[in-house]
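Remarks on the structure that follows.
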């Protein structure tokens, strides 16, 4: 049995008839302190003997990115119970736990991204992105960047988030019968912006200096009655083009219509560039293939698309800018039942490099209960799905 078949069988078994709430009882898990100071775990489950059959050989290495808190504990249980007993697999391990990121000055995150580039596939556990409170809690050297952001910027590509649709799980949006896949452009915009608090009156302007040319100044605003705030953001034609190709290819692969949404009526140049590049690529490269599969591409304003999404039955892909994709993916996940029932994959435009993870966070509230010795019940489905998707790739 090839690894891809094994992965598919794992996913099918999770969706079998009377699916009850899948839980991990954390009181049975003993945390041990590793040399680098991060929590590691020992599985409470006995690993099934493989004497009666041979493990499936996985041809290529897979980069494993460990994480934080409750999801770190679940990650170890999944590996011990569902992966290692059945697969002969070369896991290239990188510990992205917050304490080890701090110890290595976040070099481990950069190394992990380079490893994914090298081996073309990674599976990632949820990680903490520190804020002021976390800096104080962990006594960090500084407020480290989001590991997801670092990896996305290193790899490029598009984040596609897709709900795990389980008929027995009630939906907050009952009309959604088919999946809604969110394609999030994982580069630039607010996530690589420069912002500042301006202390008093003055002129705000942007300056662009073309190579070999003269500076071009764009006046933004004249602050008169006190200061304010300002932000400068950007994107690149290269990245938007890659986003478009990845979105069109996924639509063809899944045979689903694609909607690209912006607010180009307000940001006529910025969002208009997204709209124009998508349309040009569709017309020149993908239109015939879309028509052959009886699917379509359409640009719609983001507010119109969100309203349409709520009243639709699903069954399409939405290509969204970075912030819009961040917000709408959580709305879609909750609408289908839970953030714990959402997969997240990062795919580069050429389709070669792939990173899979759960779309939720580290479940801090449950981890606090676990630290206090209380039993917790945490939904592991999205984390379970992350590994098979990497294996399929």
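For all residues, glycine too, the Cβ spot is worked out from N, Cα and C.
Quick look at what TrEMBL lists:
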{"type": "DOMAIN", "residues": "61-392", "note": "domain 'Isopropylmalate dehydrogenase-like'"}
{"type": "BINDING", "residues": "127, 128, 129, 134, 311, 361, 362, 363, 364, 365, 366, 379", "note": "NADP(+) binding site"}
{"type": "BINDING", "residues": "129, 146, 147, 148, 149, 150, 151, 152, 161, 184", "note": "D-threo-isocitrate binding site"}
{"type": "SITE", "residues": "191", "note": "site 'Critical for catalysis'"}
{"type": "SITE", "residues": "263", "note": "site 'Critical for catalysis'"}
{"type": "BINDING", "residues": "303, 326", "note": "Mn(2+) binding site"}
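TrEMBL feature annotations superimposed on the structure.
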| residue | record | Cβ contacts under 8 Å, 6 or more apart |
| --- | --- | --- |
| 127 | NADP(+) binding site | 65, 67, 68, 96, 97, 98, 147, 148, 362 |
| 149 | D-threo-isocitrate binding site | 129, 191 |
| 161 | D-threo-isocitrate binding site | 181, 182, 184, 325, 329, 332, 333, 342, 343, 344, 345, 359 |
| 263 | site 'Critical for catalysis' | 271, 301, 302, 303 |
| 311 | NADP(+) binding site | 175 |
| 326 | Mn(2+) binding site | 184 |
| 364 | NADP(+) binding site | 69, 70 |
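Each of the binding-site residues 129, 362 was ranked by the number of other C-beta atoms within 10 Å, and first place falls to 362.
In this structure, residue 364 (NADP(+) binding site) is part of a helix by DSSP. On the backbone, the CA of residue 151 (D-threo-isocitrate binding site) and the CA of residue 366 (NADP(+) binding site) stand 27 Å apart. Mean pLDDT for the domain 'Isopropylmalate dehydrogenase-like' (61-392) in the predicted structure: 92.
Each of the recorded positions 147, 151, 191, 303, 366 was scored by other CB atoms within 10 A of its CB, and the lowest score goes to 303. Largest Cα-to-Cα span within the D-threo-isocitrate-binding set 129, 146, 147, 148, 149, 150, 151, 152, 161, 184: 19 Å. According to DSSP, residue 161 (D-threo-isocitrate binding site) sits within a strand segment. In the three-state DSSP reading, residue 311 (NADP(+) binding site) counts as helix.
For the NADP(+) site, whose annotated binding residues are 127, 128, 129, 134, 311, 361, 362, 363, 364, 365, 366, 379, the maximal Cα to Cα separation is 39 Å.
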